[in-house]
């Protein structure tokens, strides 16, 4: 299936059915009272996040979604039937924006989440509602309300904990294959990856995280060169970036340090917030080098890029702010287990810190509410 991560659609809810003007027709009752029923509600249009849907391709072909109108009311106090709602299944991670107001209508972040995109109109009132002591035979009824209509921009940003960043052919697809069940296309030429791939990295029965591989970046990506610029947005929801570098390129004229600096430059030009995300360095393809050459190339690379990556004896004692360096071979799996265990540890600690911060903010808000409550002269809270 073709990977489509953007689409524009129009959604239109149904109109409510008109209320009925009707009177009872009974033998020997010359002036039967009003019995016109209400109209049915118009159908609404909903978006629902579906973990089994991976692309917005369907919305490239069908641009307009129209719910049906409600049925009109009937005599004998019979109400019109309401129209069925339309439910549009969208991938988890879809951002929905109103094209007219630029308002974010919904951010679908979990499976089963439902959001109303266009509300159906209410049914009109039948004349039974207008009977009064001075008007025993009202002829008025009301029309159904119009349903909402919206023009929407759909944008898919994949939900992943970790994002892979690097030049084409750096070995990102091989890495995601080595540590997860994902099976992206792999070949020894640039731009093998043409769309984002997601892999679930399972540490044990209770611990796992999602890794995203996007097409490789090249210089000028922020201005639209290559493929990666279209997919950089998919890294915006990640909590950690892995910058994968080919330490042993087949082309000896390629300078890994220059390529790495170009990647970071493109990242910064594209989005300052994305540039500021925690970023670990992963030097790949160690299987192509002997131990001495790998050490020499690593030292030369770090000196050329000017990045400071400490290497303590116990790597598991890193604090959250320290950048980390890993030397791996995705092909032979050398160093990959240490990498995924540290990622898991980092994400667990990050989650704990965020939970503590949220709890502290909640407690502070509760204190503020209490302090704002009026008190008596004795300091006792005064009831509202």
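Backbone N, Cα and C define each Cβ position, glycine as well.
Among the ranges 129-149, 150-170, 171-191, 192-212, the stretch that Swiss-Prot annotates as region 'Disordered' is 129-149. In this structure, the C-alpha atom of residue 166 (GTP binding site) lies 11 angstrom from that of residue 173 (Mg(2+) binding site).
Neighbours of residue 172 (GTP binding site), defined as other CB atoms within 10 A of its CB across all chains, total 31.
Cβ-based neighbour count (10 Å, all protein chains) for residue 173 (Mg(2+) binding site) stands at 25. Taken residue by residue with DSSP, residue 173 (Mg(2+) binding site) is part of a helix.
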